[in-house]
Amino acid sequence: MKRAFIMVLDSFGIGATEDADRFGDVGSDTLGHIAEACAKGEADNGRKGPLNLPNLTRLGLVKAHEGSTGKIAAGMDGNADVIGAYAWAHELSSGKDTPSGHWEIAGVPVLFDWGYFSDHENSFPQELLDKLVKRANLPGYLGNCHSSGTVILDQLGEEHMKTGKPIFYTSADSVFQIACHEETFGLDKLYELCEIAREELTEGGYNIGRVIARPFIGDKAGNFQRTGNRHDLAVEPPAPTVLQKLVDEKQGHVVSVGKIADIYANCGITKKVKATGLDALFDATLKEMKEAGDKTIVFTNFVDFDSSWGHRRDIAGYAAGLELFDRRLPELMELVGEDDILILTADHGCDPSWTGTDHTREHIPVLIYGPKVKPGSLGHRETFADIGQTLATYFGTSPMDYGKNML
């Protein structure tokens, strides 16, 4: 029985890539800077001391980081016995965004340039805004700018509740984000508005990767909170991913846990499981792994590393999240059967010590574990698509156009 379990620690980069200068990210290192802060006692907030990731270390994380950066992460064990295969991978795609990273992991790098809304104020074309107001029968809109998602709620959340005007905002990513109150505006109404925005962006040729619904609750600035009902409307990948090939060619199954299905626009997904928060995502993943049959991929995105700690530049929170993940990792490893493979990876970096709030262009870890996987270094990989090609070979689908089999 062949099964693959893919765990994406969203934004868990392990050191700047060779082309990081193109992105202003030279020196970024999500893992390294978190470990450094922990070793200095600067991340003792509900947790304490050096970053403690013994299980990820056994799978080769510290070695992969050393391969990427040339140094051992502060306070971590560079001499631990490694029981998995490990690599550090460079991104071939032109961006450092979520869809590009995930699609490339599945064998389809993004070699075109996304469209972006580059102006920090008055970010969106008036023609687009006018169409959204008319089609969705809106009283107007707020925002129309670049912003952090939590900051803009404090700035405009109360006005939104009073006026019913949705909050439109963007970032350095190829996104159009819409924040609305779940109760006063309504979740269904927000989703409908996002569908309209997706249609207009596609028909208008803006080439925007995602429209993101950002529902929130609360009654005043300071206590607004985003809920777990986020919904991403992505464009479809430009070619069949290994997920699609497994389903189409082998009548296999692909189980999405968390936001995976949204990222792939539901292409190649046979089952969707929703969960919010690290523990809930872990629990849902364990349940699906126990039930998974032959020719199945269980694919989970642990978004909190990115959304809760990376973008918010919360080093202590990121460290605590990693340690929680590491404590629970043996539960996953125990479910890996004789012919199964477990792959732990990321989709980009988001160094919580870095300036600004955006992603960082970094190598990602590729940690592969299974009874038949030979432990040791798989070296530097030129593309995340090596993961997709490895899966294509493993399941016996037609080969991907990009990437090399690692096993």
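Each residue, glycine too, has its Cβ placed from N, Cα and C.
The annotation Mn(2+) 1 binding site is assigned in Swiss-Prot to D10, D347, H348. Counting only residues at least six positions away in the same chain, the Cβ atoms of S11, G13, E91, K96, D97, T98, S100, G101, H359, T360, R361, E362, I364 sit under 8 Å from the Cβ of H348 (Mn(2+) 1 binding site).
The DSSP secondary structure for H311 (Mn(2+) 2 binding site) is coil. Per Swiss-Prot, Mn(2+) 2 binding site is recorded for D306, H311, H359, and the stated evidence type is sequence analysis.
It is 11 Å from the Cα atom of H311 (Mn(2+) 2 binding site) to that of D10 (Mn(2+) 1 binding site). The residues near the Mn(2+) 1 site, meaning same-chain residues not in D10, D347, H348 whose C-beta sits within 8 angstroms of the mean position of the site's C-beta atoms, are V8, S11, F12, T98, G101, H102, D306, A346, G349, C350, H359, I364, in sequence order.
For the recorded Mn(2+) 2 site, residues D306, H311, H359 set the reference point as the centre of their Cβ atoms, and the other residues of that chain within 8 Å of it by Cβ are D10, S11, S307, G310, H348, C350, T357, D358. Other Cβ atoms within 10 Å of the Cβ of D10 (Mn(2+) 1 binding site), summed over all protein chains shown, number 25. For the pair D306 (Mn(2+) 2 binding site) and D10 (Mn(2+) 1 binding site), the C-alpha distance works out to 5 angstrom.
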